[in-house]
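Asks: The following block contains the structure, expressed as structure tokens.
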Amino acid sequence: MMHEHKAPSLRAPQPSEHNSREYAFSARDFECIKKMIYARAGIALAENRQEMVYTRLSRRLRATGLKNFSDYLEQLERDSEDVEWESFVNALTTNLTAFFRETHHFPILAEHVKTRQPGQTVKLWCSAASTGEEAYSMAMTMVETFGSLKPPVRILATDIDTEVLAAAREGVYSLDRLESMSPERIRRFFLKGKNHTSGYARVRQELRDMITFRQLNLLDARWPMHGPFNAIFCRNVMIYFDKPTQYQILQKFVPLLNRDGLLFMGHSEVFQHASDLIKLIDRTVYKPVIK
């Protein structure tokens, strides 16, 4: 994650200090939003996210035709089933992703699935799929590992944000998004667009067929999927949750893993508070603690 460095003598402005804004945005509004997104999605917003929150939710005020944040937040609080809740959560979900991000994980995944029982279908779960790059990276790794465009692999890819999931299902990316991959991988796994789709490429159908995309809030009391999974990816998501919430999610991950299943986490995430659930076996790779 990128960190901003501010001079010690400067004080970060409060939301109410921005007089040129299109909408009034008070400290009370921000506190209310923090409580609402935490209750709904478990996301703990830091104080330095005020500007991001204002920018993203201002778009929702324009879309709904509401004149101020108070009316918008009151509308949400009045009805927990309001369709606007989905847009509210989508707007505040951070979706930073890339193909083969934290590249050291993929050779570990490849070696791990080779240990499967003969005839067994490998089951993988990408639990924060965003726009699909991670899930497709997992699929490419499986094709390379098994030497077949139709390996014995099923990948579940979930995210709380319905908008990014729609993009993930399409599997269409601008060519600059592919620059982290070798030309050989791009030729093998993508079809480049022509004419009006020039500058874009689409993931091959065989990879898209391996993946099932579904909406899921990790805070939901019950998850609809069934294990066991050979591996679960939950990378760079837990940093947005406080430790009690992290622990609750890990408690639900562990029973869904094989006894020797792997849990891949983000580079900045540490889980010493969950040492009774998972143990570190490699750089940001965990296994369930067998009790």
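Heads up, the Cβ atoms here are built off N, Cα and C, so glycines get one too.
Unlike curated records, TrEMBL annotations are generated automatically.
What TrEMBL records for this protein is below:
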BINDING   ASN95, THR97, ARG101, GLU134, ASP159, ASN217, LEU218, ARG235, ASN236  S-adenosyl-L-methionine binding site
DOMAIN    18-291  domain 'CheR-type methyltransferase'
Asks: Would you count the other CB atoms within 10 A of the CB of ARG101 (S-adenosyl-L-methionine binding site), including those on all shown protein chains?
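Replies: The Cβ of ARG101 (S-adenosyl-L-methionine binding site) has 17 Cβ neighbours within 10 Å.
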Asks: Mean pLDDT for the domain 'CheR-type methyltransferase' (18-291), rounded to an integer?
Replies: 92
Asks: When a 10 Å sphere is centred on the Cβ of ASP159 (S-adenosyl-L-methionine binding site), how many other Cβ atoms does it contain?
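Replies: Other Cβ atoms found within 10 Å: 27.
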Asks: Output, ordered by sequence, the same-chain residues six or more apart from LEU218 (S-adenosyl-L-methionine binding site) with a CB under 8 Å from its CB, or 'none'.
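Replies: Result: GLY42, SER127, ALA128, ILE160, VAL237, ILE249.
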Asks: What is the total of other Cβ atoms whose distance to the Cβ of ASN236 (S-adenosyl-L-methionine binding site) is within 10 Å?
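Replies: Result for ASN236 (S-adenosyl-L-methionine binding site): 22 neighbouring Cβ atoms inside 10 Å.
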